[in-house]
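If you check TrEMBL, you get these features:
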- 1-170: domain 'Orotidine 5'-phosphate decarboxylase' (DOMAIN)
- K6, S97, Q167: substrate binding site (BINDING)
- D37: active site, for OMPdecase activity (ACT_SITE)
- K39: active site, for OMPdecase activity (ACT_SITE)
- D42: active site, for OMPdecase activity (ACT_SITE)
Amino acid sequence: YMCCIKTHIDIVEDFDHDLIVQLQQLADKHDFLIWEDRKFADIGNTVRLQYSSGIYKIASWAHITNAHLVPGEGIITGLSSVGRPLGRGLLLLAEMSAAGNLATGEYTAKNVEAARRHSEFVMGFVAMKRVDELEPTAGGVAAGEGPDYVIMTPGVGLDVKGDGMGQQYR
């Protein structure tokens, strides 16, 4: 069974809107979600426009997208202003599987705290382990105060251990 398909629509060389229509029809027919792995990482207004507009109009077809919290919680507000009315959800990139990545420690904890504050739109995390049980940093929202979260684990590979470019498969 499949519950979700992850896309990287910006690397499809012959993209046209018909591809999206076909993908939506398959999702409806087979009851799965579409996750556009966009990894938004800009200020709120810019991501709002990237999510709703341009050639891809991601919010119109992707049930789930994801974002880095590097620019602050305004990124959640910007994406939520478009996605929440459409019933969309957001995954925060709390951890990554790439060697030497900086998404660790306090950064990961800040993702969890932001998710707790924006639980109406943030549905979970991209993380290597359960992060939603982390204790908050000073002034953060306490663990156990909020919804359960989906944890999407990156870098899962059955036969290989990496991609030669820093990806570490589990």
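Using N, Cα and C of the backbone, Cβ positions are placed for all residues, glycine too.
Since this is a predicted model, take the numbers as computed values, not measurements.
If you take the Cα of D37 (active site, for OMPdecase activity) and the Cα of K6 (substrate binding site), they are about 6 angstrom apart, rounded to a whole number. Cα-Cα distance from K39 (active site, for OMPdecase activity) to S97 (substrate binding site): 14 Å (rounded to the nearest whole number).
If you take the Cα of K6 (substrate binding site) and the Cα of D42 (active site, for OMPdecase activity), they are about 21 angstrom apart, rounded to a whole number. Residue pair S97 (substrate binding site) / D42 (active site, for OMPdecase activity) shows a Cα separation of 21 Å. Counting Cβ atoms from all protein chains shown, K39 (active site, for OMPdecase activity) has 14 others lying within 10 Å of its own Cβ. Around D42 (active site, for OMPdecase activity), the C-beta neighbours below 8 angstroms that are at least 6 residues distant in the chain are Q50, P71, I75. Listed recorded positions: K6, D37. The one with the lowest count of other Cβ atoms within 10 Å of its Cβ is K6.
Mean pLDDT for the domain 'Orotidine 5'-phosphate decarboxylase' (1-170) in this predicted model: 91.
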